[in-house]
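J.: One structure, pasted below without further comment.
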């Protein structure tokens, strides 16, 4: 199984990339994690709809066919660590590759959000995009550790 994190925005601070890389290398070989950063559409005088369309096209191009799409959305389902671990286990049992989508500064195209297989949220807080990448991969690693009985997660 592969977890694909698709994030709108190509540039993150070094600290965020270092933290992301640290968690990414902890995953076992049977659960590969890949990050695909797609370009943020330059704002200029474009409408939000134009921005959404351009970014959606890039996101869709980054996702292989047949991949389960899970978007991070402030209106998505709020999950506990245990619930995320159960979701991860379900995806693994189904053999699905999963793409977790982090939108750009203006969010995601509403139709794309609605078409996703699932919508989840990481927090009630507004977080910087670089922090979301780190928080997401850490929580995915934590979910894996719960399922694997690894001592990383403690009750």
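Cβ atoms here come from the backbone N, Cα and C positions, even for glycine.
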J.: Looking at the S-adenosyl-L-methionine binding annotation from Swiss-Prot, with 103, 122, 123, 124, 125, 126, 127 already listed, which candidate in 35, 51, 72 is the matching residue?
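T.: For S-adenosyl-L-methionine, Swiss-Prot names 103, 122, 123, 124, 125, 126, 127; of 35, 51, 72, the listed one is 72.
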J.: Here are some binding-site residues: 123, 126. Which one has the most Cβ atoms within 10 Å of its Cβ?
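T.: Neighbour-count leader: 123.
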J.: How far apart, in angstrom, are the most distant Cα atoms among the S-adenosyl-L-methionine-binding residues 72, 103, 122, 123, 124, 125, 126, 127?
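T.: The widest Cα-Cα gap among those binding residues is 16 Å.
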J.: Determine the minimum-neighbour residue: among 72, 122, 125, 127, listed as binding-site residues, which Cβ has the fewest other Cβ atoms within 10 angstroms?
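T.: Relative to the other binding-site residues in 72, 122, 125, 127, 125 has the fewest Cβ atoms within 10 Å.
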J.: Give the residue from the binding-site residues 103, 124 that has the most other Cβ atoms within 10 Å of its Cβ, counting over every protein chain displayed.
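T.: Per the Cβ count within 10 Å, the most buried is 103.
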J.: Once the DSSP letters are reduced so that anything not helix or strand counts as coil, what is residue 125 (S-adenosyl-L-methionine binding site)?
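T.: Residue 125 (S-adenosyl-L-methionine binding site) sits in coil per DSSP, no helix or strand.
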